[in-house]
Structure formats: C-alpha cells, structure tokens
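One structure below.
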Amino acid sequence: MALYRRLDPERMPHHVAIIMDGNGRWAGKRSLKRFLGHQKGADAVQYIVETCSRIGLPWLTLYAFSLENNLKRPRTEVNFLMMLLRTYLNNNVQRMNDNNVRIRYIGRTEELPGEVRERMQWAEEATVRNTGTTLTLALNYGSRSEIVDAVRRIAAEVKAGKLQPGDINEQDIDRNLYTAYMPDPDLLIRTSGEMRISNYLLWQIAYTEILVTDRLWPDYRGIHLLEAIEEYQRRERRFGGLNTGTESDDVSSLPDRQLVL
Ligand code: FPP
C-alpha cells in the first residue's frame, strides 16, 4: 500500500463520517434495478470497514438510512433496505470480530421493524468487546430530530431541577446527542457529487473537513478512502483561528489587487 505509506501517521483522522450516495445511479447506469445498486453498496460498506480496521481508524460513521429515506421512498425499497441490513449483519459479524470491529447505531432505531432491531442488538452484543474500529450505522437518522430529542432530554433535566436554564452549555448538548460516545468527525466524505449535508450530523460537523467525490458509493474502495485522507492531510485545520504563521490582517496594508478581490 504505497499510498498508505505516504500518509502522515501523526495526522491521521480519528473519525471519518460518510454519506453513502449513488446506489441508484450506479444501477441506472447499468440498466439494473435500484435494488442491485443497494446490494453493491452493502458490499462497499464491508470493504471500507475493513480498510478502516487495517489502518487503525478508531471511528467510522456511515449514513445508512435516513428518516427521510424511511418516509419518502417506496415501501418496497424501504423493505429491501431493511432486509439488506439484516443480511449484512448476519453475514458480516464474524468478519467484524476477525477485524476487531465493534458495531453501534444512532438514530430513532426504536421505530425500525422488530426483526431488524433484534439482529442489530445481536450484532452489537456480539462485537461489544472489540477495541479496534467502532462502526456506527446511522439508521432512521435525521440530525434535526436528534437535536429535538436532545432538547427534550435537557428540558426534562431542567424540569427535574437537575439543571438551571442559564447553565446549559455545549457539553450539555453533546452529552444528550446520540453521538455522545464518539468524538466529532474530522473528515466527512460524500459520494456521487451532490454538495449537500442532507441532515447528517449537523451539530457534530461544525469544524469537520468536507470532501465530495463524484465516485458512486458502490464503486468506493479502500484506496479512495486513503486518497481522501491524503487530501485531508493536505488541508490545514483552523478551528476558527488564523492560519499558522500568518499575522492578524491589517486591511490597510493589503495590496490594492487583494482589496479589489
Ligand atoms: C443512497 O443511494 C444510499 C442509501 C439509501 C443509503 C446507503 C445504503 C446502503 C449502502 C445499502 C445498505 C447498507 C448497509 C449498512 C447494509 P440512492 O438510492 O440515494 O442513490 P441515488 O441518489 O443515485 O438514487
């Protein structure tokens, strides 16, 4: 893995989040049914999970099924995605254990069908002792509803007299989000070219580097993740501060050309 050796081990991201998009287009381009695109998408999930495990990435969070998918897609497609998830878990828990991968979930998972929840719980328990990559699947997930759920919990704490409204701070929001157990993503990747966040981890990506690739999700492989990490390492993260090595700008000293721009 020549590309892996080029990466700076000191500046690896800790948490990569991915919006997996383009399954339908992948199938459409081949005159296949959308279902087949999703199936290939599920295969791509496992390739990427295993790459993350191999490179020692501690956190991977995948947008597998949004609240909007659940409400707006035809029932037959939603049912297929649910079946695919169950099959994915059945077929891959052994490989997750071989790769030291732990699986967890975020989203309104209590609204998913019982047989899916049962498989999810089984997979979560079967991998709970793994200490390598934590794979989080966002399922029936929407970021705004996550924030609503957090606000409800905080309101309950206030009502119970455990918290004063004036004392509510960012940590209180953080610890009430579904993602309380993980750090914020360092890198967000979206496949298949759309420049949208689609209600994904809105609070958590405040300082995340965003990378959009035209590649469709079923074609996404470990090498593309490594390329994305290389691009991430080329960028300088500022967290709202100044570029390192630059002085605070005195606008009057800028050359005219820059002022016009
Ligand atoms: C978008 O493709 C993709 C999804 C609906 C979510 C991702 C789902 C998978 C990768 C399949 C199964 C996942 C697991 C974890 C087993 P799209 O249908 O929106 O594509 P399009 O925009 O090209 O139509």
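Easy rule for this one: first residue shown is 1, then count along the chain.
Any Cβ shown, glycine's included, is placed from N, Cα and C.
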> Which one of 20-41, 240-261 shows up in TrEMBL as region 'Disordered'?
Replying inline: 240-261
> Between His38 (substrate binding site) and Asn69 (active site, proton acceptor), what is the CA-CA distance rounded to a whole number of Å?
Replying inline: 13
>> Suppose we screen the binding-site residues Leu67, Arg73, Glu209 by Cβ distance to ligand 1 with a cut-off under 6 Å; which survive, in sequence order?
In response: none
> Rounded to a whole number, how many Å is the Cα of Asn69 (active site, proton acceptor) away from the Cα of Gly22 (substrate binding site)?
Replying inline: 14
>> Return the count of C-beta atoms lying within 10 angstroms of the C-beta of Arg196 (substrate binding site), excluding that atom itself.
In response: 10
